Amino acid sequence: MAATLRRIAWCMVVALATAGLCSGETTESAVHILDSKTFKTWSAAQSLALVEFYAPWCGYCQAMAPAYEMAAKTLQEDKIPLAKVDCVEEKGLCDDMDIPGYPTLKVLKHGSFYSYNGTRQESAIVAYMRKHHRSAVTEVSSTEFGEFVKSERVVVMGFFDSDSSALRVLEEVAGDFRDEYAFGYTSNKLTAKKLGLTAPGLVVYKDFDERWDAFDGMFFANDVRKFIRARSIPLLGEMSARSFGTYAKAGFPIGTIFFKGDDSRKKLEAALLPVAKEFRGVVSFALVDVTFYQRHAFLLNLKAEWPAFAIQDVAAQTKYPMDQSKDLTTEEVRKFVQAFASGSLEPNYKSDPIPKANSGPVFELVSKQFTQIAFDKTKDVLIEFYAPQCIYCKRLAPIYSELGKSLMHNSGLVVAKMNAVTNDIPSNDPELSIPGYPTIVLIRADDNKVIKYDGDRSLESFVEFVRANGARPISYAPVNIEKAHGQVHGATHISLPMQPISPSAADYIKSAKAGIESLEYIDDLIREYLLFRGFKDTLKALEEDLEGDHDKGFHAEKIVDELLGMATGLDADGLLEYWKYLSYRFFSHLSPKYHRTTRMFEKRLIRLFLVSAINADRREKIRQFMDKHGKELGQQGGDWIPWLGLEYVDEPSARPEFEAHFGDDWLVSLKSALTDFIQTVFPAMAVPRIMLFDKDRREREALQRRLKIYEEQLNGETKIKALELSCMSSALVEDHIGGVPVAWSPNLKPATAELAADNIATIDQSLGVIQTDEPSSMLKISQEDVFLEHNSGISLAMFSPTGALIASYDDECILKIWSPDLTSTVPKLKNELDFTVNAMAWDKKHAHLLYLYDDDGYLHTLNTNTNLMSRQLLLERRHPWIQSMQTSSASSTLLTVSSSKPEATTDLLVHIWDANANKTVASKRLAFPAESHGVCAALNHNGNLAALAYSTGHVRLLDTRTFETVASITTKQKGLCSAEFSLDEDSLMVVTETGGLTQWSLRKDSQMTAASSLGIGAADGGAVSADSRLDYERVAFTPDRENIVIAPKDQCLVFNVDSAALTDTMRRHKGLVSCVDFVADRSLSASEDGTIRVARYRKV
């Protein structure tokens, strides 16, 4: 039935293109099907054609199919064929054509392929191909002339006869520019005479500057191209992110004038227009508003002092900032541009200071010494270009450091690294462009040839790359890290006694929400106390203050009602005064990035006041307000300008710039968004300790109830070994993991080791066990889509709990929230963060909340409904390195595991955070084996039990309510990287870096019940390469725990857990996979190449 419905739905979509499909009839397609055998001969026979390269599983290809078919039928009358190639069946052909993704459309013209630059609708495809079918230069009659020269923003018109050689030149140029400008010619000499032209003549018509410019040079193609490019951009226009490409494409260096405010702009235009005219065709001049594009000024190495001027040579990748101590007068700028044009100006390169000490195994390279060191012809130079916030760079750091140590004795080689964010590269060699981080190149001795590295990031591969491509021989002396640290690893562990961790002052400060919820209770306690002490005057003063409480008892709804009431009641002074109070009282505690949000809400409230004045026919209120605040608003410019004259506009609700603000939906939306924002603000406050009284009381009662439960358990079946605790001054470190009862695995054999009954902590129903008897099943991929949401490598990506959204974060600190469903109407969110995200997790109970953990120990909460973000200090700064972050399905609780060092640390902090109350529930420091380089965590369904899997092979089970270790397992497997509870929570599954999968019983003396290998090891039994080793971000179990998705290197593999059989594989990425996730019936894999692949599955 379901298959029939799907077939009917699909037929409805493509009925026009595939008539007869639903009835079982077949209709011949107008699209030619090409393969590797027919592609070459068919292409050679076409003068003009369009070819689609697609994949059958691609959702975008399926969506475009009807339009492509209809376009093919329409273009048959023009004899323009359309064809397609299945890249799954013809992978080699598509690789030869360098197809980046699906669908890719390429125009075939006279034996050469060009990118199709139109949209994917039928009408657009037809118009685009017909345009290319016609001559690039249109003959224009005298009656058509006036209309034609106004048809486009830029029109190129030739004045010559049809047999003129000038027409041949113009046709050659038009072939290159036909998608950008309109080209025509006329043989009407009278029209040419009116313009003062003699044949052959050429004029560029435009809707800016002087409206037309005549070409006065010789008719050579390159000269004509240069003239058209120079006249196709304004003499002194305003440049934005959208128009930057136009300036860059023109091919001239860009002289950028940064201004702030309309007055500054007008003065600069008047002063620099003569310079722009003088150097037209040498330098393009453009104005840039620093209010929106200050970052662009910083990229040109300018300081935040305005106005400012800099020349950027996009082709040569050089920049020339003008001395900012000089005024931007006509003469000063003319001298500067003249110096640039004559070649006497040296480019400016951003650079860190030269390090005073630079004798380590990896040379810290900076821009000031780049040419001297990198292009030293006596040495090979290996350079890693990195970004401080790049997660992949951090992962590579220890390997690259070891590489430097292993090769430092080679006098003919320098191993170096350079921070490409704070240093410019003083070279225009295209091989030294940085597409992403890390980028590694070898600059060879003798000829200084730049060779990019594209292998896996293992020590052996780097050595082989240098050996194969360098001009100097090298010897490799590997450093034995384990031997160097053998004394640490073999040291005798001394167990330190524990004592309960007391709540810190920071915990009280961060418990604002819990205090606010008990505010009325605290007020009653204070009243009772004042009456008891007889402080009647104080009580009276308290009651008076409570009546005039500006904070409205910290009820966001009441505060918003007050604000909206003032705005609609036309009390402008009261509105602004109350907003000023709220800004000082609450908003000042937020991160600086929210200052823009507070200004946005202030602007909306003012506009609500203005709209309300119009609705109430009280325009004099607008005049009074503008007399007082109009100048300030006018200086902000932008969209405030129309509002300054609102008082004099008849029926403003009918004007497009005001219309939206007069609708009821706008007021409802404002109220909802403002309420959410203020609710987000409250947890940023520090509260007095008295407000925690009720919270402490409830916690004591909960502890008493828990103690009673434990007493009942001790009298029942549960046997818990008492942990011996003793006090020791200040130190709060738990016993080494070896100090608790353990179960040893016999080298992955089915047999099990016995443990004494009194050493086993049995986990019972109080920890939340779910039973299931569903049979195991295998997964097959039914559809796979690739998404190009990012321009740089993706480091983190995961589904929301419902699977409706994906959160993805890349190396440029850009966070996106988007839907993988092509039919979704959910708007995308894009945030350029000013902090580095090291861990990310969705709230499984409140699916619209996303938690981000940064380098400084802050937890940021993003509300994806409002795109508002708040932050709280989660971890003490002694433990900044996040190892794992998990959220509970039963509550808004986060478990974080962090360490004091990135690896080889003995100091580990386990932290539980209540996101609802914005407070620390508990935290505990645990011993961490010195040789372990990581730990991963897993929570059971209600968050009462946590499993910590160490890379050493140890697994610790913690009761998160008491932080007691209830069981421990020693697997004897090195490199544990992932752990997950079974669905019935009777057992624990763990995965190693090399693909080992074992299952351990949590009820039968921690016995190993199953062991298998997922087969990612080296084929010859040797070591697994560094890129193939798994980590916790590249392993995901399905919700039913019956299947597992892993991602060694650049591809996702799907295995059945019970049989360890490979059931399916996703298509390869062009870079390494950074993370995977699985929810419901779909999985995702994110890659360093900036792509995300999403696969849907069916059970078989």
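The backbone N, Cα and C atoms fix where each Cβ goes, and this holds for glycine too.
As given in TrEMBL:
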- 693-720: coiled coil (COILED)
- Cys58-Cys61: disulfide bond (DISULFID)
- Cys390-Cys393: disulfide bond (DISULFID)
- 17-175: domain 'Thioredoxin' (DOMAIN)
- 354-471: domain 'Thioredoxin' (DOMAIN)
- 1-24: signal peptide (SIGNAL)
For Cys58 (disulfide bond), just count the other CB atoms lying within 10 A of its CB, please.
19
Round to the nearest Å and give the CA-to-CA distance linking Cys61 (disulfide bond) with Cys390 (disulfide bond).
33
Measure from the CA atom of Cys58 (disulfide bond) to the CA atom of Cys393 (disulfide bond) and give the result in Å, rounded to a whole number.
32
Same-chain residues six or more away whose CB lies under 8 A from the CB of Cys390 (disulfide bond)?
Tyr437, Pro438, Gly793, Ser795, Asp811
Among all the protein chains here, how many other CB atoms are within 10 A of the CB of Cys393 (disulfide bond)?
22
In the domain 'Thioredoxin' (354-471), how many residues does DSSP put in helix, strand and coil?
39 helix, 24 strand, 55 coil
Have a look around Cys61 (disulfide bond) and count the other CB atoms within 10 A of its CB, chains all included.
22
Across the coiled coil (693-720), what does the mean pLDDT come to, as a whole number?
63
